[in-house]
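Notes to accompany the following structure.
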Amino acid sequence: MEKGQKCQLQIDDMSNEGQGIGRSEGMAIFVKDAIPGDTVLAEITKVKKNYAFAIASEILQPSPYRIDKECPYAGACGGCTYAGMSYPGQLWLKEKQVREKLIRLGGLEDPKLEPIIGTDQPYHYRNKAQMPVSTGGIITRKGGIVENLGPCAIGFYKAKSHDVVNCSECLLQAPPVVAIAQVLRDFVKSDNITAYDPKWEKGLLRHLVVKTAMGTGEVMAILVINGRGIPNSAKLVEMMDEAVCMLPTREDGIQYNLESVVVNIKKGKGPEIMGSECLTIAGKPTILEKVGQLEFEISPLAFYQVNPVQMEVLYSKVLEYAQLQGHEKILDLYCGVGTIGLFCADQMRKSANGESTGQVLGIESVKGAVLDANRNAVINGLVNAQFICGRAEEELPKVLAGHIDKDGFEVPPFQPDIIILDPPRAGCAPELLEAVAAAAPAKLIYVSCDPATLARDVKRLGELGYQFTQGTPVDMFPWTRHVECVCLLEKKSANEVK
Ligand SMILES: C[S@@+](CC[C@H](N)C(=O)[O-])C[C@H]1O[C@@H](n2cnc3c(N)ncnc32)[C@H](O)[C@@H]1O
């Protein structure tokens, strides 16, 4: 294969960067602007050892899933990799990708995968936006101007870049995000606020993060800054409050309200968007979310599922796989603000007609999230749920063996019937999987937002005595390449282990 060569390709997959993938002469070929289902005439632009890149010089047969991109920023903004595919096409592709990863990386022959569960609300579903503020404003040093970087942009990164696309609308975000971002653009201009420049490590504003509790309408704006305060912040709060109040009441009667404005201090380089210190400059330090009968307080640094509608679908699957009777001991690892554990505790309360003897113990590394989780147990009257702070791989062995806690109290061993795992994209640490298997619960329920690390961990758990029983992909992230999956693994009998 060589540069300039043309070949006919059937596109059957898509890369993380949104190129269609086809195969020729035993090589994977990444084709710009092609989507799965297309037949294209591809012109090779670059050849590597095992793969090549190409452009689609002609679409010979368009995919049945091909659509015109709806978003004016599609292509520029790196967010919606699947913007050129219809929603049924996205679901088909995500289900196929989960299955293929479980087979190829998970070592499963024919995994029992239920059909992917899509959503009937694929627009404006996100309750959290993280918008970088691009370099801008006047950079001064020792009193003199070193660089005038012009107006700053607030939006989303281009694919594989730190250039910011100044998005004044977004098909995924909830309405308060667009309103607050516009206010911030105006304020930056009127009050000469600088944006952070990583080159000079100077300038103030780094990110705007907006969290919206879709069930109550409560909104939190987080201003991530390289400093300890924002000049004229009272004016900014008033402008944001007014903009959120002006948003129309939703069809379900919910009105958005800015309930919390937080400054997050982030100094220097480092991949995390937010630093560890938060100062509430207006309103409450948390917002309140409502999901079904349960309520959750969410603080600035705590993880919360970004699609609340599909979150209920995902957790219903967890409950279906758990089949709770009301007496189970459940470990909720990587528990965030305690949502899955508290859904389980609530289900056990219902199953046992209010007389549940079950227990939930959660482990989470972010302190603010653990404080939220314990408060959330109290708010919902779920007295048998408790959450501790620490890295799951370090805390789990102590929890299983029993130990003396930091306040000197003896904590008896916790013998779980079910362990729920919901790690970040990187998946579980190898030592955690070993501790999980050593605990020998009858069931593991693995919730994952990355099919590749899920498959890797399923394979390792298979070696440690747990067989993959079934799984369900759930689409939490329409228009993007991401997919969530919940899997049930059960302890193999002694014969099967042999
Ligand atoms: C995908 S989120 C799941 C949260 C929660 N289960 C939910 O459904 O909202 C993963 C969580 O794991 C936490 N985390 C990351 N690494 C961890 C570790 N080593 N030990 C414990 N928690 C960790 C993150 O802070 C985050 O809250």
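Please read every residue number as a count from 1 along the shown chain.
The backbone N, Cα and C atoms fix where each Cβ goes, and this holds for glycine too.
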Candidate sharing the S-adenosyl-L-methionine site with Gln305, Tyr334, Glu364 (per TrEMBL), from Asp241, Asp417, Asp422: Asp422
Glu364, Asp422 as binding-site residues, winner by CB count within 10 A: Glu364
Nonlocal residues around Gln305 (S-adenosyl-L-methionine binding site), in sequence order (Cβ under 8 Å, 6 or more apart): Met311, Leu314, Thr339, Met476
Minimum Cα separation from Cys449 (active site, nucleophile), reported as the residue among binding-site residues Tyr334, Glu364, Asp422 that achieves it: Asp422
Neighbours of Gln305, Tyr334, Glu364, Asp422 excl. site residues, C-beta within 8 Å of centre, S-adenosyl-L-methionine: Phe303, Asp332, Leu333, Cys335, Gly336, Thr339, Ile340, Pro423, Val447
Residues satisfying Cβ distance under 8 Å from Tyr334 (S-adenosyl-L-methionine binding site), sequence separation of at least 6: Ile363, Glu364, Ala392, Leu421, Asp422, Pro423, Pro424
Secondary structure content, the domain 'TRAM' (1-58) (per DSSP, counts of residues): 0 helix, 35 strand, 23 coil
